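Undergrad: So TrEMBL says this about it:
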type	residues	note
DOMAIN	26-458	domain 'Major facilitator superfamily (MFS) profile'
TRANSMEM	28-49	transmembrane segment
TRANSMEM	69-89	transmembrane segment
TRANSMEM	98-117	transmembrane segment
TRANSMEM	129-146	transmembrane segment
TRANSMEM	158-175	transmembrane segment
TRANSMEM	181-202	transmembrane segment
TRANSMEM	264-282	transmembrane segment
TRANSMEM	302-326	transmembrane segment
TRANSMEM	333-356	transmembrane segment
TRANSMEM	368-392	transmembrane segment
TRANSMEM	399-421	transmembrane segment
TRANSMEM	433-454	transmembrane segment
Amino acid sequence: MNGKIFRENDRLIGSREVEDKKSCNRQLISCFLASLMSLSAGTVTAGWSSTDRNFEEQDLKNWTTEQESWIISIYVFGALIGALPSGFLGQKYGRKSLLLWIAAPMIVGWVICLLRLESMFLQCLGRFVGGLSVGATTVAVPLYAGEVSSDVLRGRTGVLLDFMLCAGILYAYVARAVLPGLRLFCLACAFIPVVFVVLFSYAPESPIYLYNVGQYEKAASVLRWLRGRRFNVKNEFDKIETSKYHDDELLKCGRAMSSENKNFLTKVAIISFGLVFVQRMTGAGGVIQYSSTLFKMSGSTIDPNMACIIVGTFQFFASGVSFLLIDKVGRRTLLLISSAVITTCLVLLIFYFSIIENDTYADSPWRISLLFILCVFISAFRLGLGPIPWFISTEMSPALYGGRIQSLAASFSWTLSFIIMKSFKIFFEANPVMLWCTFTVLSATGFLFILFYVPETNNKSREQIRIDLIG
């Protein structure tokens, strides 16, 4: 008799484990489908810089350094504008609806570039329109992922934004090297958001959004599909209601907000904007966009196209490592490791460009070390500082304020990125050593900021994080 009971219990435990695995897979698949827009955003971020073979194309002019810097960086200006209203739109119309809408400017942008490559104005217009979608993606994807994921999966689903962004960058590097012209490259990139719209149409809406707009039955149904049939929906609704209560309390207080709530929101804002500043001031955006230029100007013997693909492969796999470690090691630990290694690489870049300025080292094997330094630099960036600032603000923020803070932080990020993209090549050509010295000082300061100010949010609910920040 006892043996029969034990066998029944084993079957129950086994079926529960299978159901838990299915629910985890459904959450990951939903976030993966949303992150296909990040894949598309990666194609805009990289792969546009002209290579030697492109100058032979009749549909592409040999732009000056100033013109090229505008063509490359203009998408960032679009991104900072596209990020601003995205939090509000997602709150009003739903996370899923917003993601489906932002595929449209991405497709239109690539089509404009595809049709009129000979016009600098239309190239800039196409890149700007695509940039609107890139900025909105960096707000909409983390918000969606954070709301369809359980606390134990939130780190991995958050990293998917950056992981797919890296996949898009690598896709662009390979496509630019393999395809015979920019028109085919634009066509290959325009295909991705079309696929996204088709596949993501089958994904569920955010259960938190559905609950907040009064669609309780749909919210319960989505939660059971995402978390399993035995999932305690009432308990999750209670958590959402508690979060709404705190949000309403903050909203009602307005100017008369308690010192406790003011302290909480101030800390969230400082950490969110501070991490974005540290992320951008490593110079990683300039390195990714101008990888081929760095190799050409350093005199390295490695083919610039091949070097870009190698660097892109390293950052793709490093982002994959971050995906595997984020919920085991924790956000803060990965941020510290990432910042420390990046600062070390920046110091090495100072020495590297100091040495190659001396003509006696013109044929030195030391030149090939640039590839190694950049691979380690980008890998370290993708391990922590690349992905975590994009989603940590949504973990810390109250649900009502999460979209707004994420939108403002993303716009601030793209503003800094625009400044770096526009000026990187100019300063690099003028004085590369001074450029790397500046990034080194800022990166070292960022390490201290993370060490003394950024808390751990791993496997914690919004309420637990709120208590930690207030305390």
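Cβ coordinates come from backbone N, Cα and C, glycine included.
TrEMBL: automatically predicted annotations, no manual curation.
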Undergrad: Cβ under 8 Å to the transmembrane segment (158-175), counting only same-chain residues 6 or more beyond its ends: which ones?
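TA: For the transmembrane segment (158-175), the nonlocal Cβ contacts are 31-32, 34-36, 38-48, 137-138, 141-142, 145-146, 149, 185, 188-189, 192, 288, 305, 308-309, 312-313, 315-316, 318-320, 322-323, 326, 382, 386-388, 390-392, 394-395.
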Undergrad: Mind checking which residues reach the transmembrane segment (28-49)? Cβ under 8 Å, same chain, six or more beyond either end.
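TA: For the transmembrane segment (28-49), the far contacts come to 68, 71-72, 75, 99, 102-103, 106, 109, 127, 130-131, 133-134, 137-138, 140-141, 144-145, 148-149, 153, 156-157, 160-173, 175-176, 185, 189, 192-193, 195-196, 199-200, 202-204, 226, 288-293, 308, 312.
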Undergrad: Any chance you could find the range in 129-146, 181-202, 333-356, 368-392, 399-421 with the most Cβ pairs under 8 Å to the transmembrane segment (302-326)?
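TA: Top-ranked stretch among 129-146, 181-202, 333-356, 368-392, 399-421: 368-392.
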Undergrad: Quick one: do the transmembrane segment (69-89) and the transmembrane segment (264-282) have at least 3 Cβ pairs under 8 Å, skipping pairs fewer than 6 apart in sequence?
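TA: Between the transmembrane segment (69-89) and the transmembrane segment (264-282), contact is absent.
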Undergrad: Which range wins on Cβ pairs under 8 Å with the transmembrane segment (433-454): 98-117, 264-282, 333-356, 399-421?
TA: 333-356
